[in-house]
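Enquirer: From TrEMBL, here are the annotated features:
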- Cys153-Cys183: disulfide bond (DISULFID)
- Cys154-Cys171: disulfide bond (DISULFID)
- 12-35: transmembrane segment (TRANSMEM)
- 55-76: transmembrane segment (TRANSMEM)
- 88-112: transmembrane segment (TRANSMEM)
- 197-221: transmembrane segment (TRANSMEM)
Amino acid sequence: LRCRMRTTKCQLLVTSLCVMLLGLSIATLSTVTHYGLHFTLISNISLDSNAYRVIHHTAFYFGICLSMTLILAALLSSAATVRESQCLAAMGFFCFALAFCGLIPAACWRYTHSTEVEDSMMDVYDFVYEEVRRNISSYRRHELTAIHEAFLCCGKHSPFGDTTIVENKTCPPGQVHNEEQDCLQEIQDFLKKHMDFVFSLLGIGIGLTVYGMILTSFLWFSIHFSSNLYRKGKYILR
């Protein structure tokens, strides 16, 4: 039992380190997503009727809470391993379970709403582009120019006819009439890479939290039965 317990403690320490690195990675990704140029630009331009702004803020706060839960689980499980504390092991198990309960809905939402974020971002671009094309607002021209500079793209294939005037006014120099830099395609490719990275972290997180729950529960039972073995066979003379 003591040999198995030492093996579990080593595995739990390694797992706790991996979980802490995962928590830091999620916190970094959430911060980049919230304050990154591409995402903040679309969020500031989007209308209240567009769902992107709500998704943008929700993703940030969820990511920060999830990263804090993972880091806390890693610290508690490490402390439980070093001190062989049943209380700390139970608390570590609870934090792993809490993180797992947050990761599963996030992964399901990513799978069932795979195109919602992409559609909302492209809707923002379509709205601004058509506003500029119809010369409704000069302020929209500056916003469209900022999008083109951020995503390094130029215009889109519009069914409403020639868009050369819009491209000449808003595209960076040297990118006008470049058909390979369609902005809708660039936004789609950029978001696909980002969401694939997010989904990878979610998958790793689910695996580590399940493994962490198994190790912390085994550590709790090992500490419990080990303490009973220490007391077994001891007598006191009265």
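Residue positions begin at 1 at the first shown residue.
Cβ atoms here come from the backbone N, Cα and C positions, even for glycine.
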Enquirer: Any contact between the transmembrane segment (12-35) and the transmembrane segment (88-112), i.e. 3 or more CB pairs below 8 Å with pairs at least 6 residues apart?
Expert: no
Enquirer: Take the C-alpha atoms of Cys153 (disulfide bond) and Cys171 (disulfide bond) and report the distance between them in angstrom, rounded.
Expert: 7
Enquirer: Cα distance, Cys183 (disulfide bond) to Cys154 (disulfide bond), nearest Å?
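Expert: Just about 6 Å between their Cα atoms.
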Enquirer: Cα-Cα separation of Cys183 (disulfide bond) and Cys171 (disulfide bond), in Å?
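Expert: Cα of Cys183 (disulfide bond) to Cα of Cys171 (disulfide bond) measures 10 Å after rounding.
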Enquirer: CB neighbours of Cys183 (disulfide bond) within 10 A?
Expert: 23
Enquirer: Of these disulfide-bonded residues, Cys153, Cys154, Cys171, which scores lowest on Cβ atoms within 10 Å?
Expert: Cys171
